[in-house]
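Annotation source Swiss-Prot lists domain 'Thioredoxin' at 75-180. What Swiss-Prot lists as phosphoserine is 188, 221, 223.
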């Protein structure tokens, strides 16, 4: 009997706590509803105007990006074009590629998708065989390499597929996450939770991306043999 009494008492405590929590939620909702009821027509009109202004600004920004070539993944024809393209856009992802390198085609597929999704960023692809000066200046040694630029300056590099899980089968979401780590796109996910299906599969911990200085180092590209 004593055991049953303890259970009944425990159940009663839980029930009271649940009722108290429900009451708090109810009071909060009542308070929010009351606030809405107290908003006058002038205030509602002001909120509406602010919302419309924000929408107009966003649309204008979108049109500006599109006019500068954002929203599509494009090849640039010359080294001079590169400097002009980078100068006019705040965020740029630049894929240094070679036609004969298989992994470049893998990146092409993912970058074409991300270019349409992230209008805030310009996505370009110069052919390394047509841009020797540019490759020398940026010290591009591995093909493929993504140069990530902000305000005309190189902020980071993605060299080969090491940061993408060391696999050719990485997802578009994985590349998107990696670009987000360098703040070259507006990433809405959690940077501390990379979208790998299995981190152990790659034998590397990517939960915290370490900053690497790539400029000035020499690399060999096994992908050039493809």
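Keep in mind that glycine also has a Cβ here, set from the backbone N, Cα and C atoms.
In the three-state DSSP classification, residue 188 (phosphoserine) falls within coil. Mean predicted confidence for the domain 'Thioredoxin' (75-180): the pLDDT average there is 95. All protein chains included, residue 188 (phosphoserine) registers 7 other Cβ atoms within 10 Å of its own Cβ.
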